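Down below is the structure, laid out as C-alpha cells.
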Amino acid sequence: MWAFINKLRSPKWFYGISAKLQPWFWALAALLLLTGTLWGLAFAPADYQQGNSFRIIYVHVPAAFLAQSIFVSMAIAGLVFMVWKIKIADMAATVMAPLGAAMTFVALFSGAVWGVPTWGTWWMWDARLTSMLILLFLYLGVIALRGAFNSRDSGSRAASVLTMVGVINIPIIKYSVDWWYTLHQPATFTITGRAAMPMEMWAPLLIMVLGFYSFFVGLTLMRTRSEILRREANKRWVRDLIEELR
Amino acid sequence: MSLCLQARQLACERDDRWLFEGLDLDIQSGEIVRIEGPNGSGKTTLLKILSGQLSDYHGELYWNGSLMHEVREHFLANLLYLGHAPGVKAGLSPLENLAWYQALSGEQGTETQREDALSRVGLRGFEDVPAGQLSAGQQRRIALARLTLTPRALWVLDEPFTAIDRHGVAALEAQLVAHASAGGCVLVTTHHELTASPVLRRVQLG
Amino acid sequence: MSSTNATISSPVMPVHDPKGGLLIALNATLKRDMMLMLRRRGEVLNPLVFFALVITLFPIGISPDPELLAVIAPGLLWVAALLAALLSLDSLFRSDYEDGSLEQLLLAPQPLAALGLAKVAVHWLLTGLPLALMAPLLGIMLALPTGSYAVLALSLALGTASLSLIGAIGAALTVGLARGGVLLSLLVLPLYIPVLIFGAGAVQAAIMGDGVTAHLAILGALLAVALMLAPWAIAASLRISING
C-alpha cells in the first residue's frame, strides 16, 4: 500500500504505467460501447409504454452514473492530494472536472430530448433532472474556482476543498430535491424510475454503463498524461523524452 | 529552555519555479538575521514559511528541536509576525486594536498596559482616534506597539520600516538590537541598512 | 551552528507555553466584529433594504393580486432573504484580508476553526437574525396567510445560520481573489438548495396546516451538520487563501 502511494508521487512512473494501461481501456470501451449500442438500439424490445423512445436510456443513464461518479472520484483525488500531497491526484482531478461537466450536460440534454415524447415538453422539473442541473452548477463552480487563482497550487487546493464540501452535499441535495419533488408533483411519471425491466432491456444498459466507465478511465489516463507533460515541461525526464521523439 | 528555529533543506516551488532550494538555517537566541535578495526572490515567502503560515514547502522546520507542526501552538505562542500589511483595523481605535491582539494571545491585559505600549511608539494622545484617520506611519506604529505589549521571543518582521519616519527608524532599530541582546531573536527583511546592529547576520536569496 | 559559543554566554529569552485563553480570544473577536459592523451601519442595513426592495419588485413584476402573491409568498420571501444574506457574505473576511488582520488571525495561538466560527456567528447575528425578524413584515405586504408568520421567522432564523456557515466557506475560498463576488455566488448557491427547500417547505406546510416540526427538525439537523463540518472547511480555506 505505502509502496504504491510512494510510487504515485512520481509523475514519471505514472506516465510510464499509464501508457501500458491506456490501450486496454480503449479496447474494452470500444468493445462494450459497440455491443451495447447495437444490442440496445437494434435488438432490445421496444417499451410497451414509450415505444422506441425509451432507447435513449442507453445514453442517459450511463451519462448520469458517470456524472455522479466523476464528482466522487474528484473528491477522493482531492483528499489524496491534500493529505499526501500527491500531485498526480490533483492532475487527475483537474482533467476529470470538464469531463464530469460534459457528462452531466449529456445526461441533462438526453433527459430533455427524452422529455419531448414522454412529457411533451423539453424541460420538466423532474427530481433527477433537477439534481443533475445542480450537479452541473457544482462542476462549473469547481472549474471556475480553480481557474480564478493566479497560483496554480492555491487553485488546486481550493478546488480540492470545494469538491470535498460538494461531495458531502450531493446526497443531501439529492434527498432534499427528491423530497421536494414528491411534495409538489406526487402523481407524475418519472422517466427512469420504474421497477422491473426485462433482462433483454437491462443487459445492454449494464454493458453501456461499463463501456462508459472504461471510456472514462481511458480518457482520464490520456488527459492526465498530457497534464503531466504540461506541468513537468521543465523537468529533465520530459526534456529527455522530447529529445528521444525528435 | 532553548530558543532556536531551524530549517533543513528548505525548498519552495511556486508553479514550477524554485524560489529557493536546499536552504539550511539556524536562528538562535541573540541573533538578528536579515533575509536579503532582489525583488521576487522569495523573501516574503520564506518569512511566511518560517512563521508557519505556508504548508506547501519541501524540507523540515524545527522549533527548539521538535518538528514545527507538532509543536505549532507552542511556536505560535512565542512568535510575533508583522507582515506587509500592518493588520490594523481602520474602524477601531489604537487601543481597541491592541486589545484584540492581546486577547488573541489569550490574555485579558489592562488598559494601562496598552496605553504604555502606545506611548512607547509615540502615539500618546491618539489612543481613541479611529485608526483610519491616522497616517500610514502611525498605523504601522500601532502594529509595532505589539512588540512591547505582548512579549514574544521570536520576531519575524517583513519590511517593518515601511512608512516610518527617520526618528522612528532609529528607535525601532535600537529596539531590535535590545531584543536580540536580551536573548530574543529577530528575523527581518528590509531595504533599509541596519547600521546600528552589531550582531547582524545576512542570508542571501536569489 | 557557528554561533554556539555566543549563545552560551549571552542571555536567552524565556520561551513560554501557550496561555490557552480560548474564551478570552473568542469573546474579544465577537466583540471586535460586532463593534466594526455596528460602526458601519450601512453594512448592517444594506441587506435589509435589499430584502425589502427585492420583495417590492415581485408584485410589480408579476401581479398585485393578493391571491396569487399569497401562493408564491413563502418561496419569494425565502429566496429574497437567501440572496440578501449572500450579498453580505463577500465582506465577511475581505477587510481582514486586505488590512493584514487575517494573517494575524491565522497566527494566533488559538484554533482557527473556533475563531472563524466566532466571525460567522457575528455575521448571522447582524444579517440572518435581522432578516428573519423583518420577514414577517414583508409577509404582510405579500398577503402571506395568517398562521405562518412565526414559522417564517423561525425557519429563517434557523436556516440563515446554516447559510452563513456554508457561505463562509465560499467567502474564505474567494477572499484572496480580486473579483471574488460573483464567483462566490456560483460556489455557494448550489449548496444553499437543501436549506431553501426545507425552509420554504416549512412555511408552506404552516400555511396548509400541516405539521412543521419535521421541517424545522431537518433545518436544525442541517445546521448541526454545518456547525460540525463548516468551521474546519473555513479554516482550511483561509489557509489556502492566505497563500495567494
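From the backbone N, Cα and C atoms, a Cβ is placed for every residue, glycine too.
The transmembrane segment annotation in TrEMBL covers C:44-62 (among others).
Annotation comment: TrEMBL describes C:68-89 (among others) as transmembrane segment. Listed as Cβ neighbours of the transmembrane segment (C:68-89) (distance under 8 Å, sequence separation of 6 or more from its ends, same chain) are residues 43, 46-48, 50-51, 54-55, 58-59, 62, 123, 127-128, 131-132, 135, 138-139, 142-145, 148, 152, 155-156, 159-160, 163-164, 167-168, 170-171, 184-185, 188-189, 192, 195-196, 199-200, 203-204, 207.
Summarising the annotation, TrEMBL assigns transmembrane segment to C:124-144 (among others).
The annotation transmembrane segment is assigned in TrEMBL to C:150-175 (among others).
Here TrEMBL flags C:182-207 (among others) as transmembrane segment.
Long-range contacts of the transmembrane segment (C:213-238) within the same chain, counting only residues at least 6 positions beyond its ends with a Cβ under 8 Å from a Cβ of the stretch, are 93, 102, 105-106, 111-114, 116-117, 120, 151, 154-155, 158-159, 161-162, 165-166, 168-169, 172-173, 175, 194-195, 198-199, 201-202, 205. The annotation transmembrane segment is assigned in TrEMBL to C:213-238 (among others).
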- Residue list, the transmembrane segment (C:44-62) vs rest of chain: Cβ under 8 Å, 6 or more residues beyond ends. 37-38, 68-69, 72, 76-77, 80-81, 83-85, 87-88, 126-127, 130-131, 134-135, 138, 141-142
